[in-house]
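A.B. asks: The structure under discussion is supplied below as structure tokens; questions concerning it will follow.
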Amino acid sequence: QLINGQGAPAPYPDPLEPKREVCELNPDCDELADQVGLQDAYQRFYGPV
């Protein structure tokens, strides 16, 4: 059963989700994240995760 039209809830909150959203807004960070992973890409652009 869907709740609030959001689909199934995540089994646990993703602590990196806010950083993922920031990185996705930067095309260079987003592209790098596809290659090396979110944490490494985020660190290169924005500092420690």
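Including glycine, each Cβ sits where the backbone N, Cα and C put it.
Marked as 4-hydroxyproline by Swiss-Prot: Pro9. Swiss-Prot lists Glu17 with the feature Ca(2+) 1 binding site. Per Swiss-Prot, 4-carboxyglutamate is recorded for Glu17, Glu21, Glu24, and the stated evidence type is similarity to another entry. Summarising the annotation, Swiss-Prot assigns Ca(2+) 2 binding site to Glu21, Glu24. The disulfide bond annotation in Swiss-Prot covers Cys23-Cys29. Feature annotation from Swiss-Prot assigns Ca(2+) 3 binding site to Glu24, Asp30.
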A.B. asks: Taking the Cβ of Cys23 (disulfide bond) as the centre, how many other Cβ atoms fall within a 10 Å radius?
C.D. replies: 23
A.B. asks: Fill in the CA-CA distance, Asp30 (Ca(2+) 3 binding site) to Glu21 (Ca(2+) 2 binding site), as an integer in Å.
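C.D. replies: About 9 Å separates the two Cα atoms.
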A.B. asks: Three states by DSSP: which one describes Cys29 (disulfide bond)?
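C.D. replies: The three-state answer is helix.
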A.B. asks: Rank the binding-site residues Glu24, Asp30 by how many other Cβ atoms lie within 10 Å of each Cβ and give me the one with the fewest.
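C.D. replies: Looking at the binding-site residues Glu24, Asp30, the Cβ with the fewest others within 10 Å is that of Glu24.
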A.B. asks: How far is it from Cys29 (disulfide bond) to Glu17 (Ca(2+) 1 binding site), counting Cα to Cα, in Å?
C.D. replies: 14
A.B. asks: How big is the gap, in Å, between the Cα of Cys23 (disulfide bond) and that of Glu17 (Ca(2+) 1 binding site), rounded to a whole number?
C.D. replies: 10
A.B. asks: Could you measure between Glu24 (Ca(2+) 2 binding site) and the residue listed as 'Ca(2+) 1 binding site' for me? Cα positions, answer in whole angstrom.
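C.D. replies: With the alpha carbons as reference points, the distance is 10 Å.
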